[in-house]
Ligand code: 13P
């Protein structure tokens, strides 16, 4: 395997282990483009915060593939003089092949999401990935149960993780475990009440690993803090950043600033600037709650 790029990236292992031991959580932020990446890296550096930058398979395809993402992130680490620990993570990798492809391209952390598979198949694929990941010193996240979300217009709560499966997953050598604990991707519906803290406690006692909270957008602060106390060490956020970007961009357009030709309000660097600033502020607000600011 040859890594094309010189890289300052680190894997997620030390970050999430430190967070687990000291009861805070690392922010995992999904990126979509240059503005997203730059704002998160700058905010992380300014606040001395270790960070996990993540792409779903869809986002990485959108940006042109793993080598483009790796090139962009590594380039920014150099030119922005980023010295805080940064991991580049594949979010919800759907196959072992995809995870390996990202590792070869230079990702330092991967999730293999076999939650849609029968459990035996899920764990056997995790095992299949582990040798390759270890060889490249890449951290691995697996998932049991399932995270809720929208399917055919209906929002489901997902399936709670099973403690026996959590204990067995821990024996594979994975770095961290995601599990269904009543969490949902996207906006939480009106009827949603709470994370299942009993489930989280049981899973944590069974696996003793840093655990990952998916669907980190819009969970009330007291629940986030309680989840961190019970073993959540990485919190995934996507929708909240997108909403912040949307709101700031909408404000710019509603103020008709994009139509100010004299000020070149149509220049994408101006059009996207409010969203970029909003992303930075959202990062700062969330990482304060997660307790990871200043932990680099
Ligand atoms: P949200 O979009 O709900 O923040 O979830 C993000 C996530 O869990 C990515 O894996």
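Placement of Cβ uses the backbone N, Cα and C atoms for every residue, glycine included.
The active site, proton donor feature in TrEMBL is assigned to 91. Residue 91 (active site, proton donor) is surrounded by 25 other CB atoms, counting those within 10 A of its CB over all protein chains shown. In this structure, residue 91 (active site, proton donor) is part of a beta strand by DSSP.
What TrEMBL records for 92, 185, 214 is Zn(2+) 1 binding site. In the shown protein chains, 19 other C-beta atoms lie within 10 A of the C-beta of residue 185 (Zn(2+) 1 binding site).
A sphere of 10 angstroms centred on the C-beta of residue 113 (Zn(2+) 2 binding site) encloses 25 other C-beta atoms. Annotation comment: TrEMBL describes 113, 143 as Zn(2+) 2 binding site.
Sequence-distant contacts of residue 239 (dihydroxyacetone phosphate binding site), defined as residues of its own chain at least six apart whose C-beta falls under 8 angstroms from its C-beta, comprise 185, 186, 187, 217, 218. Feature annotation from TrEMBL assigns dihydroxyacetone phosphate binding site to 186, 215, 216, 217, 236, 237, 238, 239.
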(message) Given the binding-site residues 113, 143, 237, return the subset with CB under 6 A from an atom of ligand 1, ordered by sequence, or none if empty.
(response) 237
(message) Distance check, please: Cα of residue 214 (Zn(2+) 1 binding site) against Cα of residue 113 (Zn(2+) 2 binding site), rounded to an integer number of angstrom.
(response) 12
(request) Could you name the residues, excluding 186, 215, 216, 217, 236, 237, 238, 239, of the same chain that surround the dihydroxyacetone phosphate site, i.e. Cβ within 8 Å of the Cβ centre of those residues, in sequence order? (result) 30, 185, 214, 218, 240
(request) Report the residues of the chain - excluding 92, 185, 214 - with C-beta within 8 Å of the mean position of the site's C-beta atoms, for the recorded Zn(2+) 1 site, in sequence order. (result) 91, 113, 147, 149, 178, 215, 236, 238
(message) Restricting to the recorded positions 91, 237, 238, which ones have a CA within 10 Å of the CA of residue 113 (Zn(2+) 2 binding site)?
(response) 91
(request) Work out the three-state DSSP category of residue 143 (Zn(2+) 2 binding site). (result) strand
